[in-house]
Amino acid sequence: MIRKAFVMQVNPDAHEEYQRRHSPIWPELEAVLKQHGAHHYAIWLDAQRHLLFATVEIESEARWNAVAQTEVCQRWWKHMREIMPSNPDNSPVSQELKNVFYLE
């Protein structure tokens, strides 16, 4: 498994809405993530700085990257773009993080 972590932002007035939209996520999005080898996906909110810290374990980079090309992922991005900074393709602005320590 490949462990990934990344940071995104949520608009200051949208913390509760962000959580509501993820409680639960669309079943078809959950299915696509699992079909593409995503496991143990978690998102944490730093409410003071409006940051979202995400971790996920994936089976391969290629399968993970392929999620972005699915119709359901593109609909999800469009659904979320009004409550978080987004790129021109509607994907959330995110910064991948480098792992510097892990204890199993």
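Every residue number used here counts from 1 along the chain in the order it is shown.
Here the Cβ of each residue, glycine as well, is placed from N, Cα and C on the backbone.
Straight from Swiss-Prot, the features:
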type	residues	note
BINDING	Tyr18, Tyr41, Trp76, Trp77	substrate binding site
ACT_SITE	His22	active site, proton donor
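Structure coloured by features recorded in Swiss-Prot.
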residue : record                 : DSSP (3 states)
Tyr18   : substrate binding site : helix
Tyr41   : substrate binding site : strand
Trp76   : substrate binding site : helix
Position of peak Cβ density within 10 Å, selected from the binding-site residues Tyr41, Trp76, Trp77: Trp76
Around the Cβ of His22 (active site, proton donor), the count of other Cβ atoms that are within 10 Å: 12
Integer Cα-Cα distance in angstrom, Trp77 (substrate binding site) to His22 (active site, proton donor): 12
Same chain, 6+ residues apart, C-beta under 8 Å of the C-beta of Tyr18 (substrate binding site), given in sequence order: Val10, Leu45, Leu52, Met80, Ile83, Met84
Inter-residue C-alpha distance, Trp76 (substrate binding site) and the residue listed as 'active site, proton donor' (nearest angstrom): 11
